[in-house]
Amino acid sequence: MVRISYRERRRKRTLSYFERMQQSKEYIHPIFNPWNYTPVKSKGTPVLLAALLASFPQFLYQLTNTSIYSFTSTFAAYFKVEIVTIQIIQHSENIVFCIVGFLSNKLHARLSIPGCYILGSFLIGVSSMLIFFSTSLYLLIFFRIFASFGCSIMQTATTPMLNFMVKEGKLERGMAAHDIIQQFASIIAMIGGGFLASEHPMFLFGISGALGIAHSILMGFFMPRFKINKGAKINLISFFLASFGILFTIVGAAFIAIGIGSLWLQIVFFVSGLILLVGFFVYDVQYALNHHIYPAEIFSPNAVRFLSCIFLLVMAQQSVSWFQPLIWRLDFGFSSQVSGILQSIVEITTALLYFMFPFIIIKLTNRLVMQIFSIIHIVIFTIGIVFLLKFNNIYSIECFYALSNISFVQMQLCIQIYNTYSMDRKYAFITGSLVALASKLAWSLGTALFTTVQRYTGYDLDLVCAICGGISIFFMICCFFVASFLDVFKWEMGRIGYKFQIQHEDSFEDDEVMQDIMNAVNRLKNRSLTFVLKDKGSLVHALAGIESQIQSSEEVGETTCLSSEIKSKYEIMDVSIISMTSSDLQ
């Protein structure tokens, strides 16, 4: 008898597994790992590992992004430009974010979501490394456009990517871990960036570039891929309407904020952009015959409501995000190090409270969370304005920033989860791109609006705080009223705020129920008489009745209609009638 070595047995097992993966219709092996030895599994990846893989490139992007906008005055001095000119970098990035956001669902279908992650990680790393060697603001803007392209194709796919990797029911924890990682990027950038910026503003870009390239290589070893869909195409008319609409809108807003060109030119750019955007949505949904960028099914009244919520929320919060670093540097005259430490205190406080956010969401309905925290946000801004005008000191400003940031992050996380669970699974990443689009567009318009207020008030701090705070309160009041009309779904049963008379069916839930029914039928076909249905208590008795009927039909040979029992007694969903005879049980 010939003995086979352990290495040979392991090689045969590996080849066998590799052959099975090659035959799979959905997944193929990582780029640099044909043996598919990877801890990343569909619905079986640990939450922390999944969050690290999905979040680290965005962590690096956030690291450099926070460095630029936390130390705006330092970068303005380095490039010898005015402070308001630095926001051109972010406006340029947001143009790319929004345009790619429109097309991200097509890119994800064409390249696959894991493929987009690997490409995005590589672009962020290489662009950051090239910025490290550049000395011109124009080169910085040019390379940041490539980095923002890489980040945008990942950001719109973060939720579906985590949903693909983590176990069922763990998405809230995965999203919370993802947001914590992003928060730590802000903390590191504010503390470490303050010291590095005083020496050389570009050091952080060099570090991020090296780490980004290393991470993209590791993704090539660990990240399984979907097969590429070569049939995904783009409607060129929709593409041009969306691209020029975003371009003109953001450029017009930036011209108004910075004061470039005449007033008529600024208005023409801005209004033309809005008209083109409206034309895009009307054409793509109603008149485009082939290759819609967005299916008409996703523009339900509920989808429009939560997109409006994220838009209003980011617009309101931008008064805090843009002016906080400027107040420390210009008003109080603090150094980069002290300014970074003060800003990091707010981020650390928010990061520590991230751990409680998933527990809040699983106890309350998403609509109730949005309503409660909208009111809290309004109260925080009202008290904050009074304190800023009457007690203009470090402690009151720091407390105001911390509380507003905590409330903002809770609502942002709520919308991310709500967006994924309230839509059909096949549309989750498309609506994710819409959420990112609304968020980035709101950032540009909010920054332009509050910068315009600052410019026309002659940089009077008290007047700026009063006007900007009032505008933010108005946006949050609108957000509260819009959130009051968000739907409550059956998967929120058991949470505070759930009422049977306001529940709504949705396709995501229907898919889950249908899958459970089919699993039960398959097990019964295999003569498995024990079936436990997890998290679907309302169906357990129905399936038990089905089992007993099938057993009786085996004796008398009669046909049994499975789904009619569920539909008539439990009114769960309208499915096609499934018939089984005694021969099906053999």
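Any Cβ shown, glycine's included, is placed from N, Cα and C.
What TrEMBL records for this protein:
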TRANSMEM  116-135  transmembrane segment
TRANSMEM  141-164  transmembrane segment
TRANSMEM  203-222  transmembrane segment
TRANSMEM  234-257  transmembrane segment
TRANSMEM  263-283  transmembrane segment
TRANSMEM  303-320  transmembrane segment
TRANSMEM  340-361  transmembrane segment
TRANSMEM  368-388  transmembrane segment
TRANSMEM  427-449  transmembrane segment
TRANSMEM  461-486  transmembrane segment
Selection from 141-164, 234-257, 340-361, 461-486, the stretch that has most Cβ pairs under 8 A to the transmembrane segment (368-388): 461-486
Long-range environment of the transmembrane segment (116-135) - Cβ separation under 8 angstroms, sequence gap at least 6: 31, 53-54, 56-57, 60-61, 64, 104, 107-108, 143-144, 146-147, 149-154, 157, 161, 202-203, 205-206, 208-216, 219-220, 223
Folded-back contacts onto the transmembrane segment (141-164), same chain, C-beta under 8 angstroms, at least six residues removed: 42-43, 50-51, 54-55, 57-58, 61, 64, 88-89, 92-94, 96-97, 100-101, 104-105, 107-108, 113-114, 116-117, 119-124, 126-128, 130-131, 134, 171, 174-175, 178, 416, 419-420, 428-429, 432-433, 436
The transmembrane segment (461-486) vs the transmembrane segment (234-257): 3 or more CB pairs under 8 Å: no
The transmembrane segment (427-449) vs the transmembrane segment (263-283): 3 or more CB pairs under 8 Å: no
